[in-house]
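Below: the structure, in structure tokens.
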Amino acid sequence: MSKILKIIGREIIDSRGNPTIECEVLLEGGFVGLASVPSGASTGSFETWELRDQDKNRFMGKGVQKAVEIINNKIFYSLKNKNAIDQFDIDQTMINLDGTENKSNLGSNSILSVSLATAKAAASSKGMPLYQHIAEINNTPGVFSMPLPMINIINGGKHANNNIDIQEFMIQPISAKSITEAIRIGAEIFHSLGNLLKDKGMSTTVGDEGGYAPNFKSNEEALNVIQDAVHKTKYKLGKDITLAIDCAASELYNKTRKKYQFIGEGTEFSSQELTHYLKKLSNKYPIISIEDGQDESDWEGFLYQTKELGNSLQLVGDDLFVTNKNILKKGIKKGVANAILIKLNQIGTLTETIETIKIAKKFNYGVIISHRSGETEDTSIADLSVGTASGQIKTGSMSRSDRTSKYNQLIRIEEILNKKRAPFYGLKEVKSSF
């Protein structure tokens, strides 16, 4: 009843108005899986290859018709009549068919859409939700947890058209007793921030990930405004709420000058100076998690930063690790960072993603499941976070349905599983001494 009968790829639109792929997998018995894939703005150089048409007369070269054709022909005929429940076989068949290290023949966007749609179809054929099927793929059946959210309330960098250098300013509702409560707290602070910005005569337009995107004189001004917004609620910064930032430092790094250029502030830092700057911020504000605090290729800089800050703060590798198990192993061996950001489309299949999560957890690295700046209504990452008991999730702000769809899915899952079957550990999941 789980044999693949048909695979259909189609070109749809993502949250930035760019084309992306949606895939439908039909199994015998009438079971169907539907999945769509995201796309990043600030991408790591070592991510797998996203196949685009490069036809400048159509979608400014970003069309995915070639990828859709590959799904409907090459991939379909390689997977036809296969057992959808055997996710490893499905993914490995596509990896072998592609034959490259970075999936540049078929495109990781083609492969991932089929991988996720197949998993959803298989879950349907087994009469279970996706998170339960993922737990079984993970060889941890029945083991679930609800993640602590990093809620992005101010967007900067490549995610917004403003002058803020740091790409994401996030809040973590650490006093919450459930994901549902954490989401409510996040929404209340999001609205408090919006009202405060209005009172200051500042813009309340939002960036790619749904956070506010005004101009600020400095990163510290952004942090001060967040601090004020929290104070205007019943919550206490440092007690109920902690902060997290994504520097996306690779986007700030000038390779010619070998400096990190904070253009919005009119200053620049060496590798070590950037670490000292981030240390100063974390001493002044309750920042407990810093993502990509160095350029993706600056392993020495990351090692220094880990030695300086790693005992007290969660240091997250995104562009550094790109959800690649081999790069993560290198980081573990060198003692670089203490957490990893997981993005399905950085590596391109569900099984490879799960394998990377397993390695991270084995070596006590924090795991944060993440969206991309160009998203769809697909909620697979919510199920992935619960089904692998990853502990943390980063899926944007409290606006834009491409972001809130994931939060709403987590609310539904928590309602089904309740706290006994899927505990919410909150702050315990963060690799910091806070």
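Backbone N, Cα and C atoms are what each Cβ position is placed from, and that goes for glycine too.
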Checklist entry - Of Asp246, Asp298, which one shares the Mg(2+) site with Glu291, Asp318 in Swiss-Prot? => result Asp246
Checklist outcome for this item: In Swiss-Prot, (2R)-2-phosphoglycerate binding by Gln167, Lys343, Arg372, Ser373 extends, among Lys198, Lys325, Lys358, Lys394, to Lys394
Next on the checklist: Considering Cα atoms only, can you say which of Gln167, Asp246, Glu291, Lys343 is the nearest neighbour of Glu209 (active site, proton donor) among these recorded positions?
Outcome noted: Gln167
Item to check | Any further residue of that chain within 8 Å (Cβ to the Cβ centroid of Asp246, Glu291, Asp318) of the recorded Mg(2+) site | outcome: Gln167, Glu168, Cys247, Ala248, Ile290, Asp292, Val316, Asp319, Leu341, Lys394
Checklist entry - What residue among the binding-site residues Gln167, Ser373 has the most other CB atoms lying within 10 A of its CB? => result Gln167
Checklist outcome for this item: Those recorded positions from Gln167, Lys343, Arg372, Ser373, Lys394 that fall inside 10 A of Asp246 (Mg(2+) binding site) by CA distance are Gln167
Next on the checklist: Going by DSSP, is Lys343 (active site, proton acceptor) sitting in a helix, a strand, or coil?
Outcome noted: coil
Checklist entry - For Gln167 ((2R)-2-phosphoglycerate binding site) and Glu291 (Mg(2+) binding site), what Cα-Cα distance in Å is obtained after rounding to a whole number? => result 10
